[in-house]
Amino acid sequence: ALEPLSVGLAIGVASALTGYLSHPRFYCNYVECCPRAEQRLNATALKAQLDNRLFGQHLAKDVVLKAVLGFSNNPSPKKPLMLSLHGWAGTGKNFLSQILAEQVHPAGLRSKFVHLFLATLHFPHQDQVKLYKEQLQNWIRGNVSACPSSVFIFDEMDKMHPGVIDAIKPFLDYYEEVDGVSYRKAIFIFLSNAGGDLINKAALDFWTSGKHREDIQLKDLETLLSVGVFNNKNSGLWHSSIIDRNLIDYFVPFLPLEQRHVKMCVRAEMKARGYDVDEKIVQAVADEMTYFPKEQKIYSDKGCKTVQAKLDIHEDL
């Protein structure tokens, strides 16, 4: 028979071990946990990621950095953070949303607390708009209940059927709670090509007048973007109550990329593959891209979108 002292000691050790293993900090080393309410984003890490991975987008870097850090450092925001990113394909919208997701949840797009919606995949049929709206509300409600700092990314907003996105309007508004759930710590991001033509024209006008692209300020484009997208029938935000109620915190313009920015993308991709940077290959890849306007050939019409595929051709070199 076991001595009473031995039994008591065994129970004590087991209780202590169980308590240690069940402690949130230990548990979260092995299973992804929702960030604690007091956790804040690492400003230095976020800035470094934006500086090292996003090229030619001084406006987007500045606006998003300030907006996200201000939101993260606010212990009691009045509403969720709502960002709408606009610009042509290949200018960095998806890249920035991935960087931001990784800073909030280290697993990034693989995190169970980061949710990516593609308009053509998740909301393809116009006659199903009512069903999509119900499903979307239920999905967001359930996920924010599980993790208040959930991140929701809606890509291809220019292809979304008008009316679908208005389903999330109650979650973006200035309510402390909706049906017992607070959405004020969540982040919503829209990605859209809509407004890209307006941004490109403004950038070209600056270039034509002899101004530097870095002189373009948010005030030069934000109102133009919000009005243009609101009145664009080919946008999921056409006559949206989300814009009408001023629930989008920032319309973030992504400028068209020049050849020097394309070269930055090529160098970054070569380094990511473990190659030494060869400037002859960098120039060759940049030269294979197509540029506009036709006469001046200033901006890449695909941004950096095809850089990876172009570099594949030169791998043997």
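Each residue, glycine too, has its Cβ placed from N, Cα and C.
If you look up TrEMBL, you'll see GLY87, TRP88, ALA89, GLY90, THR91, GLY92, LYS93, ASN94 marked as ATP binding site. Around the Cβ of GLY90 (ATP binding site), a 10 Å sphere holds 22 further Cβ atoms from the protein chains shown.
The domain 'Torsin-1A C-terminal' annotation in TrEMBL covers 257-312.
When the binding-site residues THR91, ASN94 are compared by the number of other C-beta atoms lying within 10 angstroms of their own C-beta, ASN94 comes out lowest.
Same-chain neighbours of the ATP site beyond GLY87, TRP88, ALA89, GLY90, THR91, GLY92, LYS93, ASN94, judged by a C-beta within 8 angstroms of the site's C-beta center, are, in sequence order, PHE95, ASN193, PHE254, GLY303, LYS305. Under DSSP, the residues of the domain 'Torsin-1A C-terminal' (257-312) split into helix, strand and coil as follows: 30 helix, 5 strand, 21 coil.
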